[in-house]
Amino acid sequence: MRVSRHCKLLPCCEETKDFTQDSIIGITQGEDICLWVCFVLDLKSAKEAIKEGCMLESVGFLAGDALCLALLAQEMLVLVQDALEPYMSQRTLEIHWGKHHRGYLEGLNKQLENNNSLYGYTMDELVKVTYNNGNPLPEFNNAAQVWNHDFFWESMQPGGGKIPGHGVLLQIEKDFGSFTNFREKFIEAALTLFGSGWIWLALKTKEKRLAVIKTSNGVTPIVWGDIPIISLDMWEHAYYLDYKNDKVKYVNMFLNNLVSWNAATARMARAEAFVNLGEPKIPVA
Amino acid sequence: MALRTLITRKTLGLGLQSEARNLGFGFRHARELQTFSLPDLPYDYSALEPVISGEIMQLHHQKHHQAYITNYNKALEQLEEAMAKGDSSTVVKLQSAIKFNGGGHINHSVFWKNLSPIHEGGGEPPKGSLGWAIDTNFGSLEALVKNINTEGAALQGSGWVWLGLDKEMKKLVVETTANQDPLVTKGANLVPLLGIDVWEHAYYLQYKNVRPDYLKNIWKVLNWKYASEVYEKECP
């Protein structure tokens, strides 16, 4: 693969110039990623990659005819902003990601420039530290909203919706009785949230079970040590251009067509490394 | 149209008072529960263009405000039932829904009166005693506008920014409230003179994420006449 002249390479990844698509995905699943790695793929292969669920692990911006893929730990560029049409319009993504999310990121960077005590944290740690046990520091709103939007874009995929994969489905049925009941609870939470906020399906670490959680403004369940699996942005800017005040339609569209159960599966798998969800079934010899 | 708005305002006042009375009793007498209805706007939906689009005004009034009223009425009905049964935990559980939806009704009812088409005096700076009070409390009208716009832009999430009158201290204050909390939640003696809705639904279709532009422009249609009337009533 060529490296387009429009792309940047960090010195630390000079040795990794020869990537395949598999290795892109491999790298993004690591933990402390702060690399910019650029590739050129033609637009067609990039779109194919998105359809296979790679969208949210890779980011990109158009550089002429070639598509330059850049991987960022902290910022998600939606690769092709019409990918979620007609359920979430390109217009919405342009503004939601391009203005709101970017605004939080730029605001956070500016605040961090002036505050050395927050140097060196990962995003997760930054969110928890600035939450300050419920008495949030001024950086919290920006940090949390950057985190939340990253998580949100990754909670969706083109061709999403339908029902979760086997493992997640079993856990949902265990903790909610049925998938239908989970759906109802999720929708009810979305419709009864007062003001701006987020709806989560999260694994509660103490109770060792899944639950639907509502949070206000920028709060995220990680501040309480819980593990989010899926999120839905219920700030009005997330749906107003596409659905105006029709929250019912928005939430249903999300659950039916956008939610990425693939992402949920990956997150559950990771969560199980931290939370013991039960005894393994060891077959009797 | 003005008459109907007046009646609704009185109804609102009555409703709130009787609710306060009821909450003090352990049991209540049979009484017809006050229901609230959507007050008419004193102007057409498109009358505030180009500052606020007709589309926003219509959605804001017919959908958002109406939803608060519908849910407020529902919550009050449920409250009445719970009180009749002596079901304290339901009574307490309903308080947040009442605060949210009732607050939404209160706030929006004030908001429609805070706005006025330019040709009917919207945007005309306050004269008389309110004008002097602004100069005394803030230095100048420009300073007040800057203060309110800064507070409004900095508000995280959803809420309102207010110019309020502390009727005890006879002082003007700028306050913000979160979600649909009415101004009185920031101080029992506070009376709203002007409120600006900074929920995204109030401006998003037109101004998108640029809330500061919305705040800058809304002064062109703010109804200082109404604010002065309220002020002069409390500070004769």
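From the backbone N, Cα and C atoms, a Cβ is placed for every residue, glycine too.
What TrEMBL lists as domain 'Manganese/iron superoxide dismutase N-terminal' is B:35-116.
Under the heading Mn(2+) binding site, TrEMBL lists B:H60, B:H108, B:D197, B:H201. Counting only same-chain residues six or more apart in sequence, the Cβ atoms lying under 8 angstroms from the Cβ of B:H108 (Mn(2+) binding site) belong to B:H60, B:H61, B:H64, B:H65, B:Y68, B:D197. In the three-state DSSP reading, B:H108 (Mn(2+) binding site) counts as helix.
Under DSSP, residues within the domain 'Manganese/iron superoxide dismutase C-terminal' (B:126-229) fall into helix, strand and coil as 53 helix, 25 strand, 26 coil. Taken from TrEMBL, the feature domain 'Manganese/iron superoxide dismutase C-terminal' covers B:126-229.
Local packing around the Cβ, expressed as the count of other Cβ atoms within 10 angstroms, is greatest for B:H60 among the binding-site residues B:H60, B:H201. Surrounding the centroid of the Cβ atoms of B:H60, B:H108, B:D197, B:H201, where the record places Mn(2+), the chain contributes additional residues within 8 Å, namely B:H61, B:H64, B:H65, B:F111, B:W199, B:A202. Closeness to chain A is evaluated for the binding-site residues B:H60, B:H108, B:D197 by Cβ distance, with values under 8 Å counted; no residue is counted.
Following the DSSP three-state reduction, the secondary structure of B:H60 (Mn(2+) binding site) is helix. A simple way to gauge crowding: the CB of B:D197 (Mn(2+) binding site) has 25 other CB atoms within 10 angstroms, across all the protein chains here.
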